[in-house]
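Going by TrEMBL, these are the annotated features:
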TRANSMEM  40-65  transmembrane segment
TRANSMEM  77-102  transmembrane segment
TRANSMEM  122-142  transmembrane segment
TRANSMEM  163-183  transmembrane segment
TRANSMEM  228-245  transmembrane segment
TRANSMEM  266-292  transmembrane segment
TRANSMEM  304-323  transmembrane segment
Amino acid sequence: MTLTIISYSPDMTSEALQEYFLKNYSSNCHSFSYLRSYEFFALSLHILSPFSAFLGVYGIVVIVMATPKSMESAKWFILHLHVTTFTIEIVLNLLLVPFIFLPSGAIYSTGILLQMGFPFKITHLVCHQSFTIYSIAIVMLFENRHSLVTSIKYRMTRRITKILYYTANYLIAIPIMLSPFIMETVDSDAEKLRILQRIPCPEKQFFDVKTQVITTNIEMAYTTEAVLVHYFSFTSLFFSLQSGYHLLKKPNFNISEKTRNLQKKFFFSLVIQLFTPFAVMVVPLFLFFITLKNGIIEQFLSSLIIITCSVHGLLSSTFLILLHKPYRDYTRNMTIGKVLRLPIEKTSTNTSFHRSRVISTM
């Protein structure tokens, strides 16, 4: 299925862009696959939006209402991570709706914030920080689990140490993420002409005045983001692998075998909850860079990266509810349990142990 672009006349401010559109684009770029189009991209996000909103709000409710006392040590870390994940969905599906022309810094956004007149660059940079906060939230959750495994000798147990560590992550990561974008003023029209040398037939929205270029140095943006991704990945893996090793292999005489098994179940439920959706999100990103390395620029993959970021939130919320027994029981009791008048499932909340607490049962 193809879309013709001849009848489309975008609102352009640059005479040079108008000339390129009329002489080059209209003559040489006649049709595109529907999967590459903005219409497909926007429709996909609109379809995902109600499901994202429902599961996001319900996830908050179930964490607040159904978390037992035995999970209290993890409750606010789980809630923090879920809220940041939900925030990313809101940003992508509602606030920005960013149709990105990778591998450039050009973005066509039609989200609510842009329609309300908020500045393009400030809006995108503020919303972009939701990804940084999400990464820190993952580290915080794994560090929290790490600090409660008593057989680990070197772990953060003092509240002030944790506060300083988390604060340092925010104070370092956010400026690093912002640095490629705040140090320049971009002439979007001039930069678009330069981008057209590399992407001669972008989607028609590229020529619209709503499409602006957030940075001319996209390589620097990639580099800083790669540095942060590697840092947060390494830190999360450090906490998770050491915790997993001690829970699986290292004997711990401070806690009972039952408690140890409960810790294992909760920890590995977290790993599945976090890394399975993340793996889904990474696939189109990997494919995009493979095709780019081979000299192919595919708009569909650019769109798919954003779409799977939204799907990631849906999967994360679903795994949150299904993998943890207290949340699973609460959902059962509030849905099919009420309809069929099934006996209420109760999760024990009184289990405790020396210097650490049980955090879930499966």
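Quick reminder: no glycine exception, Cβ is built from N, Cα and C everywhere.
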By Cβ distance under 8 Å, which residues at least 6 away from the ends of the transmembrane segment (163-183) in the same chain are close to it?
121, 125, 128-129, 131-133, 135-136, 139-140, 143, 156, 214-215, 217, 220-221, 223-225, 227-228, 231-232
Which of 40-65, 228-245, 304-323 shares the most C-beta pairs under 8 angstroms with the transmembrane segment (122-142)?
228-245
So what's near the transmembrane segment (304-323) in sequence-distant terms, Cβ-Cβ under 8 Å and 6+ beyond its ends?
41, 44-45, 48, 51-52, 55-56, 58-59, 62-63, 78, 82, 85-86, 88-89, 92-93, 98-100, 102, 269, 272-274, 276-278, 280-281, 283-285, 288, 331
Closest-packing stretch to the transmembrane segment (77-102), where packing means Cβ pairs under 8 Å, from 40-65, 228-245, 266-292:
40-65
What residues elsewhere in the chain lie close to the transmembrane segment (266-292), defined as a C-beta under 8 angstroms and at least 6 residues from its ends?
71, 74, 102-103, 138, 141-142, 145, 240, 243-244, 247, 298, 301-302, 304-305, 308-309, 311-313, 315-316, 319-320, 323-324, 358-360, 362
Take the transmembrane segment (228-245) and find every residue of the same chain, 6 or more past its ends, with a Cβ under 8 Å from one of its Cβ atoms.
132, 135-136, 138-139, 142-143, 145-146, 149, 152, 173, 176-177, 267-268, 271
